[in-house]
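**Q** Okay, here's the structure, questions in a sec.
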């Protein structure tokens, strides 16, 4: 009977247009936003670029510091000796800009005079003036030193942990990183499916018919399995779309795929953490959906559980900076937020063996407790259509 319910739940969701729209729209929107962001960044860079000099206009440069090397000035830049006259040329739009390097540089500020165009363009000459001075200093160095300054250095990094060499290349973070992404998708999409499934049947009074022939435990287990299958399908579709996008647009990844270490232990451990954490969230959604009379109220209340689950994402810099720190260890054992924290720490690879057992024990305990309260809330609230159940009633025998 459980598999029949699971199959019904799975196809009930997969056959909906909203499932395909939400699945396909998510990566498409990310792609559109990435394109717009990249395009706007490139356009913004162009705004900061110096405009091509037209109609014989020029950029005036006066160097009282004695640092500037005149030979590095590009075409259109003219050395001048009269500061006041140069400023007047800018006022009268006879020249594009005037850069003045004072005698006591760098104690005194470099002065730049230009015609105001926009807030973004007002500082467009600052970096250029700075580079003029830096390149002038570099031009006085021997050729070999200039080559060293301009070259891209190669590094050979060796990391030690507990006295042994460990591989901390970017490729080692791929599998754990995928685990974090999958868990995020499971929480954001799976939770909404679970709460909608319970609340919609409750609002339509269909739950009365279902419970007349099924035990609540059987119904909940069936829903969990069916909706787990839905989210797994969604994750596989997103992965497939990501792979196709990489192939179509010839995206060059900053990693060597052939060098990604495939650790069965890491994969199994990541999968177990994700599965247990998802069951905790799903149980919570069942309880919320059954306890509150309408889908709207249930969705509003469920956001608390979702936020607690992904809360560690706001502390990711602290967790990754000190993965063995007190904050990271405490969050790893906290209800709801523990799984996300341990997955982040797994990316860095700083999880002690004892912590693996304690965090797994914590998650298993959360699964049992959340399942108990989900059943209790379902039994008490599934047939209450006008008001929500009280918190005290969940603790009564």
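Just so you know, glycine gets a Cβ as well, placed from its N, Cα and C.
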**Q** Which one of these stretches, 356-375, 376-395, shows up in TrEMBL as transmembrane segment?
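**A** Among 356-375, 376-395, the range TrEMBL annotates as transmembrane segment is 356-375.
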**Q** Under TrEMBL, the annotation transmembrane segment belongs to which of these stretches: 149-172, 173-196?
**A** 173-196
